[in-house]
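Below is one structure, written out as structure tokens; the observations come after it.
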Amino acid sequence: MMIKPSPMSPKIDLRRLCAVHIKNQFTGKKIRLVGGRSSNEGRVEVYHDGQWGTVCDDGFGNTEAEVVCRLLGYSPNKARVYRHGWGNLAYGRIWLDDLRCTGNESSIFDCPHRDLGVHDCGHGGDVGVNCYNGTAIPDHCSPNPCQSGGTCVRKLRINYENTDYKCICPYDRMGVNCEKSYDPCASYPCHYGGTCIRTNSTFWPYSAYRCNCAFNRTGEMCEYSIGDSCSSNPCYNGSKCVAQGNDYACACPWGRYGKRCESNEFPVRLVGGRSSREGRVEVYFEPHGSWGTVCDDGFDDNAARVICRSLGFG
């Protein structure tokens, strides 16, 4: 028996009601925090197309963090953003980049963003969030523990130095808090008379110095000689020796081939045919150590006969 609504009953749009119900039911299940020390912190991950993926920290600020925390049932007022990855790097898809939330969204996907899966960052740029759950969130970078102009980066996952932050030190400082002076040239890393010059690298100790090498040396630390590899005259038949660090190459005259220009036979082969008598013509280029093909411009029956004869066919 069908029950008719009373004329005095308010009209209900069932389609709208169901849509709201479904949206509210699944909104919280499409976002999570992973890798934190508790459920209210971690790397932000969203669910799309049957798999979880991360969110890039480009454009991700306090407003976006507040939306995440509110959707997960936490107070949005004390949300904190953590950039530059979270603990161990994630793998897999990066779903969202360049989020621009207003703060009132009912789903993280309602925030303006790039197309899903389109991004310009790696997992080192995955964003993390800490949501207030009744316990004060410590800020290990306030006041700044990094000395001598070091930059403090908050880290919620405790790293190997047993701190909750990381100091990015100037080129002439080192240590957990940049408390130690550092001279990359003190150990004389440049060999054979090379001069060590300190650089203004921000990230110690990478590229903290460079070597000005003597005229006959090369390499990052002047470890290779220039010209010594040609001192024994390894190239034959009047070819010119060209030093390449601790190796050499021979510039062969016309009609000479091989590492030392010792051969007058040009390496050739047929590839991809139904037998050894047919196929694509390839020649070996010694200086590059690789096989390559031959263009058909000007290649006629006479050239084909030369190829066949060099391969031992009549």
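Indices start at 1 and increase along the chain as displayed.
The backbone N, Cα and C atoms fix where each Cβ goes, and this holds for glycine too.
Here is what TrEMBL says about this protein:
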- Cys101-Cys111: disulfide bond (DISULFID)
- Cys169-Cys178: disulfide bond (DISULFID)
- Cys213-Cys222: disulfide bond (DISULFID)
- Cys252-Cys261: disulfide bond (DISULFID)
- 31-132: domain 'SRCR' (DOMAIN)
- 137-179: domain 'EGF-like' (DOMAIN)
- 181-223: domain 'EGF-like' (DOMAIN)
- 226-262: domain 'EGF-like' (DOMAIN)
- 268-314: domain 'SRCR' (DOMAIN)
Rounded Cα-Cα span from Cys101 (disulfide bond) to Cys252 (disulfide bond), Å: 65
Position of peak Cβ density within 10 Å, selected from the disulfide-bonded residues Cys101, Cys111, Cys169, Cys178, Cys213: Cys169
Cα-to-Cα gap, Cys178 (disulfide bond) vs Cys101 (disulfide bond), nearest whole Å: 37
Helix-strand-coil residue split for the domain 'SRCR' (31-132), DSSP-based: 16 helix, 36 strand, 50 coil
The domain 'EGF-like' (181-223), counted residue by residue under DSSP: helix, strand, coil: 0 helix, 11 strand, 32 coil
DSSP-derived helix, strand and coil totals, residue by residue, for the domain 'SRCR' (268-314): 10 helix, 16 strand, 21 coil
Residue distribution over DSSP helix, strand and coil in the domain 'EGF-like' (226-262): 3 helix, 11 strand, 23 coil
Among Cys169, Cys213, Cys222, Cys261, which are recorded as disulfide-bonded residues, the nearest neighbour of Cys111 (disulfide bond) by Cα: Cys169
Residue among disulfide-bonded residues Cys101, Cys169, Cys261 with Cα closest to the Cα of Cys213 (disulfide bond): Cys169
Proximal residue to Cys101 (disulfide bond) among disulfide-bonded residues Cys169, Cys222, Cys261 (C-alpha distance): Cys169
Rounded inter-Cα distance in Å - Cys261 (disulfide bond), Cys222 (disulfide bond): 30
Under 8 Å by Cβ from Cys222 (disulfide bond), same chain, sequence gap 6 or more: Cys190, His191, Tyr192, Gly193, Gly194, Cys211, Cys213, Ala214
